[in-house]
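Chemist: Below you will find the structure I want to go over with you.
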Amino acid sequence: MAEFEIPDFYVPFPLECNPHLEEASRAMWEWIDANGLAPTERARDRMRRTGADLSGAYVWPRADLDTLTIGLKWIALTFRIDDQIDEDDTAERLPARMTAIDELRGTLHGLPVSGRSPTARALGALWQETALGRPATWCDAFIGHFEAFLQTYTTEAGLNAHGAGLRLDDYLDRRMYSVGMPWLWDLDELRLPIFLPGSVRTCGPMNKLRRAGALHIALVNDVFSVERETLVGYQHNAVTIIREAQGCSLQEAVDQVAVLVEAQLHTVLQARQELLEELDRQALPSRAREAAVDYAANVAANLSGQLVWHSSVERYAVDDLQSAADPRATPTTSSLGI
């Protein structure tokens, strides 16, 4: 694959990292081991190289230890799901993928889990722990965003199975959810003094902020991950879509994605200002307003944090792919045993 230069992404927001990272990381690994989520050395090494704990410390920099620990469990679990589907399921058997995703979705609604699925069992138990005592409106918002995240795996497999060409606009609509940020930011509400009022959680400026922030992080991810994803045959990447649609060089496609990243940054700035105006219009009690402003500031800080995370970890390095292709290598556990 041709070499390319990663753009110098500019993000004006302060970098925040959770001071409880070390202690929460230990708890995360204990939970991974207890639930059998890294059953082989290869799977364990992949989790180490991912730095799920560091990513979570940047997602929830203001959370207390207990909230951060819950968050790290979620982020580790979903990185494991992502690896099992995007890299281990090379055959992309659509019916099997649909069955696996349906089982994961069912756990969020209390449906029984098959005995052979450690990931689904862990998801069901983690959701029960997370949802306990939470408002129904928050639970509904989280489930909606998490199901949208899971659905992207089935949608992508369906597009591949039918040989459908990938359009950038359609991809971006999906990418907002496949990157996972909307439900990750739902979890950020757990550390606020009060949950966001429904009128704030679903208002236009908040939706605009959430989408632009998610796409900023997603498009940065596409640049950092394009080499690895190309090598494993994964085509759902903005760089790849632009390159194939325009017949341009890899560097030209990367530079075009950088322009899209900058546009999302401007939208984040605009949406934060519009949110302040919307909060004035709603005339909320001071605690609700403060919670909304705090939540929005955390979304902005995530742009800086996730950029640093991408630059710091080996999740998107490619040196492990050659050893994984060796027939003597230890397999990861499933091709959709999830």
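Here the Cβ of each residue, glycine as well, is placed from N, Cα and C on the backbone.
Heads up, here are the entries from Swiss-Prot:
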BINDING   Asp82, Glu87  Mg(2+) 1 binding site
MOTIF     82-87  motif 'DDXXXE motif'
BINDING   Glu87  Mg(2+) 2 binding site
SITE      Phe149  site 'Important for the cation stabilization at C-11'
BINDING   Arg175, Arg228  substrate binding site
BINDING   Asn221, Ser225, Glu229  Mg(2+) 3 binding site
MOTIF     221-229  motif 'NXXXSXXXE motif'
Chemist: Determine, using Cα-Cα distances only, which of these recorded positions is closest to Glu229 (Mg(2+) 3 binding site): Asp82, Phe149, Arg175.
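Modeler: In terms of Cα distance, Glu229 (Mg(2+) 3 binding site) lies closest to Asp82.
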Chemist: Could you state the CA-to-CA distance between Ser225 (Mg(2+) 3 binding site) and Asp82 (Mg(2+) 1 binding site) to the nearest Å?
Modeler: 13
Chemist: What are the sequence-distant neighbours of Phe149 (site 'Important for the cation stabilization at C-11'), meaning same chain, six or more residues apart, C-beta distance under 8 angstroms?
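Modeler: Correct list: Thr78, Tyr177, Ser178, Gly180, Pro182, Trp183.
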Chemist: Cβ within 8 Å of the Mg(2+) 3 site's Cβ centroid: which residues qualify beyond Asn221, Ser225, Glu229?
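Modeler: Near the Mg(2+) 3 site, the remaining chain residues are Asp222, Val223, Phe224, Val226, Arg228, Tyr234, Asn237, Tyr316.
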Chemist: Express the distance between the Cα positions of Asp82 (Mg(2+) 1 binding site) and Arg175 (substrate binding site) as a whole number of Å.
Modeler: 14
Chemist: Summarise the motif 'NXXXSXXXE motif' (221-229) as counts of helix, strand and coil residues per DSSP.
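Modeler: Going by DSSP assignments, the motif 'NXXXSXXXE motif' (221-229) contains 9 helix, 0 strand, 0 coil.
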Chemist: Counting Cβ atoms within 10 Å across all protein chains shown, which of the binding-site residues Asn221, Ser225 comes out on top?
Modeler: Asn221
Chemist: Identify, in sequence order, the residues in the chain of Arg228 (substrate binding site) that are 6 or more apart from it along the sequence and have a CB within less than 8 Å of its CB; answer 'none' if there are none.
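Modeler: Once residues fewer than 6 apart are set aside, Arg228 (substrate binding site) is near Tyr316, Ala317, Val318, Leu321.
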Chemist: Which one of the binding-site residues (Asp82, Glu229) has its C-beta surrounded by the most other C-beta atoms within 10 angstroms?
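Modeler: Counting every other Cβ within 10 Å of each candidate, the maximum falls on Glu229.
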Chemist: For Arg175 (substrate binding site), list the number of other Cβ atoms lying within 10 Å of its Cβ atom.
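Modeler: Around the Cβ of Arg175 (substrate binding site), 21 other Cβ atoms lie within 10 Å.
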Chemist: Compute the average pLDDT of the predicted model within the motif 'NXXXSXXXE motif' (221-229).
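Modeler: Mean pLDDT for the motif 'NXXXSXXXE motif' (221-229): 98.
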Chemist: Measuring Cα to Cα, how many Å separate Arg175 (substrate binding site) from Asn221 (Mg(2+) 3 binding site)?
Modeler: 11
